[in-house]
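Data block below; observations after.
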Amino acid sequence: DAGSKHKVSMVFRKLPGVSASGMGLRLSQKFVFLLFLSGLVTLCFGALFFLPDSVRLKRIFLSKTETPPVTVGSGSENDAREHLKRPKDQEHPLSRKPDLSLSRSRAESVSERATVVDHHGADTDTFSYAKFKRCLLKPPLGRDYGKPSDPNTNERREKVKEMMKFAWDNYKLYAWGKNELRPLTRNGHLGNMFGGLKGASIIDSLDTLYIMGLMDEYNDAKEWVQTSLDLNSNGEASLFEVNIRYVGGLLSAYYLTGEEVFKSKVLELGEKLLPAFNTPTGIPRGVINLGSGTSWSWGWASAGSSILAEFGTLHLEFVHLSELSANPIYTEKVMNIRKLLNKIEKPHGLYPNFLSPVSGNWVQHHVSIGGLGDSFYEYLIKSFLMSDKTDGDAKKMYYSALEAIEANLVQKSPGGLTYMAEWRGGILDHKMGHLACFSGGMIGIGADDGVPEKRQHYLDLAAEITHTCHESYTRSATKLGPEAFRFDGGGEATATRLSDRYYILRPEVIESYMYMWRLTHDPKYREWGWEAVEALEQHCRVEAGFSGIRDVYTTTASHDNMQQSFFLSETLKYLYLLFSDDDLLPLEDWVFNTEAHPLPIIRKSCLQDEATQDKTVAE
Ligand code: DMJ
């Protein structure tokens with residue numbers, strides 16, 4: 001407008017050597033000005049190369065060409081993709097052994113380096129799938145997809161695969177693209193846990209389908225991710241649930257298959273979760289709007305608090321987001337949570353379930369290894385294991401937490417059953433939730449890194465807890481366990497309240513069987529797993545899928561009409577692994593997130609060695 005034009009001419013009038021009329025610069029001044037301008041543009045453009053990959057600006061200006069995976073050993077991931085298209089009876093893509101030798105010849109290094117330079121230019125920080133594969137100790141799918149040599153075990157494994165196919169086919173038929181299948185009414189369920197994100201059962205199933213060799217089904221799932229997984233939703237999501245199912249599911253699909261689509265989707269989603277950490281302490285709130293980034297606490301959480309098992313169950317996935325994006329921000333966010341928890345005063349060494357994201361203080365003194373607390377402890381030991389045993393803080397925090405748990409919560413019933421009670425400001429509630437049954441497996445996988453004099457003790461404790469959880473199953477009419485069982489009021493390992501009698505296809509007891517099998521090879525764990533298969537078939541299988549039941553103590557089933565996505569991601573995966581050889585997703589290379597999505601152990605020294613080799617060759 002006229003006013004602003006006048007203001008501009010006033011400004012120029014004040015500059016020495018500049019006439020306001022027609023901005024009459026002298027030729028030499030114009031030249032200097034243009035030189036300065038082009039210098040500035042070059043500088044800005046150059047600076048883009050130094051920004052981390054995840055910065056949006058960089059991606060707009062320097063759109064990266066997708067790097068086809070690099071040839072490793074006898075095969076390549078491009079070949080693998082071809083194999084995915086073959087009929088399902090044919091070879092499973094990762095069955096051909098990758099070259100896992102770390103001492104590659106110089107010639108190999110040179111040829112690989114050439115590929116890296118071609119596609120990534122100078123960006124040596126970019127995640128290399130080929131490098132990651134070389135740093136694994138074993139092939140992810142084993143010598144023969146973990147096929148057991150014993151025919152009886154193999155038959156059981158095939159049965160589990162059939163259950164997965166049945167659950168998947170019905171989901172596909174009646175609920176495709178929705179979050180869960182409602183098997184009685186034969187329709188889909190969206191719910192409000194994922195902020196408008198869809199396809200939870202698809203994301204949760206990707207890795208299970210893949211390891212079972214259900215390749216047609218896996219390809220359908222992958223295609224849905226490519227064409228229909230829309231991350232631009234605008235609803236209120238549980239940060240925890242989106243992280244463990246979507247972030248975890250996409251991460252493990254990427255690590256297993258090398259398909260770029262999973263990586264780009266998970267990085268896009270990861271960015272959307274970051275605003276949840278914008279609180280005075282950096283402790284995220286439980287609910288986040290994925291569109292606007294606003295976050296708040298659950299209405300039911302006392303005094304606007306955040307939940308231990310929610311903000312304490314981000315570590316594994318966020319560290320991997322940093323790995324893949326080469327952006328440290330994700331690790332910084334979870335390390336900040338860790339720092340605060342490490343520093344804060346803990347009653348009797350215990351971690352209460354509610355913490356204020358504003359003051360950083362505990363809000364209530366309720367401690368539980370079941371719901372609200374559970375996976376926080378799991379992620380401590382798994383962070384240590386996933387860091388190739390370098391994360392000393394996680395190790396220290398885990399073993400001191402376990403000591404406090406043993407001193408305050410672990411109890412023995414009159415009938416000789418070991419269980420984990422809950423703690424309310426010093427008063428024990430003699431109840432154990434189904435969720436707490438994951439702790440058998442957790443204590444088992446942590447046994448070996450405890451102080452030498454306690455290792456056997458931890459393994460025994462893990463076995464005792466798993467035994468108690470098995471008892472909670474055998475003491476019911478359906479041979480499935482209730483949501484919570486008690487050790488008071490005359491009962492032992494049984495639910496005394498009507499409201500605790502349901503079973504919603506949860507995995508925790510079977511999860512502990514799987515770990516205990518891997519650790520001890522005691523055949524009873526496979527037998528217990530088989531009992532669960534029979535019970536699921538008898539009481540939860542309906543015409544169009546699997547459903548939870550309302551009362552485990554009666555055989556006249558009342559179904560809840562819900563096939564939970566964790567049934568496909570956890571319950572059936574753990575059963576399948578239980579009846580497989582140990583070389584299917586070997587624990588030397590993989591840790592499972594709390595939704596049973598396998599994430600690889602990060603071998604920093606191996607990855608860095610490789611980086612150094614690449615650099616030397618380039619010089
Ligand atoms: C799953 O989503 C995860 O295992 C979580 O840690 C706890 N609850 C369910 C399964 O029961």
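Including glycine, each Cβ sits where the backbone N, Cα and C put it.
Among the features that TrEMBL reports, active site, proton donor is placed at GLU241, GLU483. Here TrEMBL flags ASP374, GLU508 as active site. Feature annotation from TrEMBL assigns Ca(2+) binding site to THR594. Summarising the annotation, TrEMBL assigns compositional bias 'Polar residues' to 67-77. Feature annotation from TrEMBL assigns compositional bias 'Basic and acidic residues' to 78-105. Here TrEMBL flags CYS437-CYS469 as disulfide bond. The region 'Disordered' annotation in TrEMBL covers 67-105. As annotated by TrEMBL, transmembrane segment applies to 31-51.
Here the features listed in TrEMBL are placed on the structure.
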residue	record	CB count, 10 Å
GLU241	active site, proton donor	20
ASP374	active site	25
CYS437	disulfide bond	31
CYS469	disulfide bond	28
GLU483	active site, proton donor	20
GLU508	active site	25
THR594	Ca(2+) binding site	25
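Proximity to CYS437 (disulfide bond), defined by a C-alpha to C-alpha distance within 10 angstroms, is shown by the following recorded positions from GLU241, GLU508, THR594: GLU508.
Checking each of the recorded positions GLU241, ASP374, GLU483, GLU508, THR594 against CYS469 (disulfide bond) by C-alpha distance, the shortest gap belongs to GLU508. Closeness to ligand 1 is met by THR594, these being the recorded positions among GLU241, CYS437, CYS469, GLU483, THR594 whose Cβ falls under 6 Å from the molecule. Ranked by Cα separation from GLU241 (active site, proton donor), the recorded positions ASP374, GLU483, GLU508, THR594 are led by THR594. For GLU483 (active site, proton donor), the spatially nearest entry among the recorded positions ASP374, GLU508, THR594 is GLU508, judged by CA separation. Comparing ASP374 (active site) with GLU508 (active site), their Cα atoms are 11 Å apart once rounded.
Secondary structure at THR594 (Ca(2+) binding site), taken from DSSP and collapsed to helix, strand or coil, is coil.
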